[in-house]
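These features come from TrEMBL:
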- 29-224: domain 'GH16' (DOMAIN)
- Glu110: active site, proton donor (ACT_SITE)
- Glu114: active site, proton donor (ACT_SITE)
- Asn118: N-linked glycosylation site (CARBOHYD)
Amino acid sequence: MTMFLQSLSLRKASVFLFFYFLAFPLHVSARPATFLQDFRVTWSDSHIKQIDGGRAIQLVLDQYAGCGFASKAKYLFGRVSMRIKLIPGDSAGTVTAFYMNSDTDAVRDELDFEFLGNRTGQPYTVQTNIFAHGKGDREQRVNLWFDPAADFHLYTIFWNHQHIVFYVDDVPIRVYKNHEAKGIPFPKLQPMGVYSTLWEADDWATRGGLEKIDWSKAPFYAYYKDFDIEGCPVPGPATCASNRGNWWEGATYQALNAMEARKYRWVRMNHMIYDYCTDKSRYPTTPPECVAGI
């Protein structure tokens, strides 16, 4: 009798676990790739140095050149992340960018992280921007609440049919929801490559261009590691992007969870310094996606 009850309990437990994981699918992250597995140098090969057998890289900016790299494939939906240690000290006038881009000119889709250099002692600012069907100018700026040059931090772009989320470590700093039903463009048709660049932009990057780059501090270094891309590669299986069985389309990824929502509100209340949605000098009429809710 005891063995029968134990068997019954095990069957109940198995049924419970089956339905639990059906509703809340587990996501086991792939092992971060080496640089050359997924990426190629696109600009100034001499300014990108592989470290630790290609598991990390160093980007260099000096008076002669910046540099950049891109993924070998494009992707449609999924998650892209990498750990970055930004330029320490006086980095004013520099921009370290990590972004996705469809590379389709006037009708491009693009999802941007841009880390704007600072004078020593000032907070690092991260600017995000979203282009959908060729329309951009959706900048938001957040002052980071830690020193991103002291250690590596994880930066993530998450993209599914419901929303796009920018994360700093496990903190969402930007959400762009799919409001196509209200006539608002949402990137979903064009695959995007993954890119990163380190370059000089002292005409706008720091305090609107008031702070210029100090070349006596050059060369400037940024470091990357833990490259992780999980998405539908293009070219690849034609049905991948529409497959609702992909982990990033699961029930737990359709919206921020309660803890993420609290962190998101905390960032917007305490660390956001610019939001195009509230810039009446640029947009006397509030952009429709802002009215719909971001």
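Cβ from N, Cα, C; glycine included.
Source: prediction; values computed, not measured.
Annotated features taken from TrEMBL, shown on the structure.
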| residue | record | Cβ within 10 Å |
| --- | --- | --- |
| Glu110 | active site, proton donor | 20 |
| Glu114 | active site, proton donor | 19 |
| Asn118 | N-linked glycosylation site | 25 |
